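Asker: Got a structure for you, written out below as structure tokens; questions coming shortly.
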Amino acid sequence: MNKLSVLFYLLVAISFNIYAEEDKATYINENRYEVKEIKPVQFSETPKNIILFIGDGMGISHLTAAYTANGGNLYMQYLRHIGLITTHSANNYVTDSAAGGSAIATGQKVTDGTVALDQDGIAIPTILQISDQHGKATGLVATSSITHATPASFIAHQPSRNMKEEIAEDFLKTDIDIFIGGGLQHFTQREDGRDLTEDLKEKGYSVFTCLDEATELTSGPAAIFTAPRHNSIYHERGDMLPRATKKAIQVLSQNENGFFMMIEGSQIDWGGHNNDTGYIIGEMLDMDRAVGVALEFAAKNGETLVIVTSDHETGGMALHGGDYEKGSVTAGYTSGNHTGSMVPVMAFGPGAEEFIGIYDNTDLFYKMINLFGF
């Protein structure tokens, strides 16, 4: 076992010994899946493509819980270059998702609730927008509304994450090649009476209101809305996230200059806020299956860097017991909100070694930009 694998298992072990409240509940996962072997080809020196996963609210305990619930197997185990990042915002030790997402997307600290604007209210270019300017294809996928704080941080510039209609309008200002998620109502049922899906069509977008409609789609630009507001919980939406990941890769990989895409497992955070262990594990495993889709592509492609990280930890989750054979996890919580804990970064592919160590969340932006050679 190499040192990087040892670090993964060490992080797993640590999370079993964190203090939490006395109230604990046991969850048993009855929906395990097989983790297929990922056999990488020879990697290029630097990545042509970057697929960034953000597990909103994912801490080390969330990762450990999912690992335990699936019998000690995750696709994320193949991301063997591992680090930790700090997550504070410009004005708070404990960040919110808008500031956390903006830090990763722009390389700058912003105040809580702010979407990619600096202290003077000036728009900060995001890695998605910079990638677009350099001729790369770009994409966003989320299990929340596509206008929610984290995906918004990569394409919008607004003083408040709650400005959903203004964030939706910002999607018209960047030539994103594909976006998939909920939030249709922020484009069509607006106070200004506009139907932004018509504006998207005028810009050449194919617009769909479910993934099934986009089965034959092979090239962008495209907007695929999967819900009027947020998507349903994991067991109701089925395999939406893995399918959306596969579809987005299919579209974006047509660009010979490469692509950048951010994929968010949005509802891990909501499970943390609810102190709901089953919700957390279900959403974690859903994102892991999407990571598996990305890894299968990256392993064959050889020019794709896959990164999995988080914007913050939610719930102060601690594990008091578990059983790999049964897939059971017993957890307690110290909070119903975000916490200031460091969160993991894991990477696979060309440049993955750059993500080892302890550093700030803003450094993720610069590491990705440098690997792209911008």
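Just so you know, glycine gets a Cβ as well, placed from its N, Cα and C.
So TrEMBL has the following annotated:
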SIGNAL    1-20  signal peptide
BINDING   D56, H148, T150, E264  Mg(2+) binding site
BINDING   D56, D269, H273, D311, H312  Zn(2+) binding site
ACT_SITE  S97  active site, phosphoserine intermediate
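For each listed feature, how buried is it and what is near it?
Answerer: Here the Cβ of E264 (Mg(2+) binding site) has 31 other Cβ atoms within 10 Å, regardless of which shown protein chain they belong to.
In the shown protein chains, 29 other C-beta atoms lie within 10 A of the C-beta of H312 (Zn(2+) binding site). The DSSP secondary structure for H312 (Zn(2+) binding site) is coil.
In this view, S97 (active site, phosphoserine intermediate) is surrounded by 28 other Cβ atoms within 10 Å of its Cβ, with every protein chain counted. Classification of S97 (active site, phosphoserine intermediate) by DSSP places it within a helix.
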Asker: Please name which of the recorded positions listed here, S97, D269, H273, D311, H312, is nearest in space to T150 (Mg(2+) binding site), Cα against Cα.
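Answerer: Result: the closest of the recorded positions to T150 (Mg(2+) binding site) is S97.
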Asker: Let me know the DSSP-derived helix, strand or coil state of E264 (Mg(2+) binding site), please.
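Answerer: DSSP call for E264 (Mg(2+) binding site): strand.
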Asker: To test your reading of the Zn(2+) site: which residues beyond D56, D269, H273, D311, H312, same chain only, put their Cβ within 8 Å of the Cβ centroid of those residues?
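Answerer: What remains near the Cβ centre is G57, M58, S97, G100, T150, I268, G272, S310, E313, T314, H338.
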Asker: Taking Cα-Cα distance, which of the recorded positions S97, H148, E264 are within 10 Å of H312 (Zn(2+) binding site)?
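Answerer: Hits: S97.
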Asker: Need the DSSP three-state call for H273 (Zn(2+) binding site) to compare against my parser.
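Answerer: Assignment for H273 (Zn(2+) binding site) reads helix.
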Asker: Hey, how far is S97 (active site, phosphoserine intermediate) from D311 (Zn(2+) binding site), Cα to Cα, in Å?
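Answerer: Cα-Cα distance, S97 (active site, phosphoserine intermediate) to D311 (Zn(2+) binding site): 6 Å.
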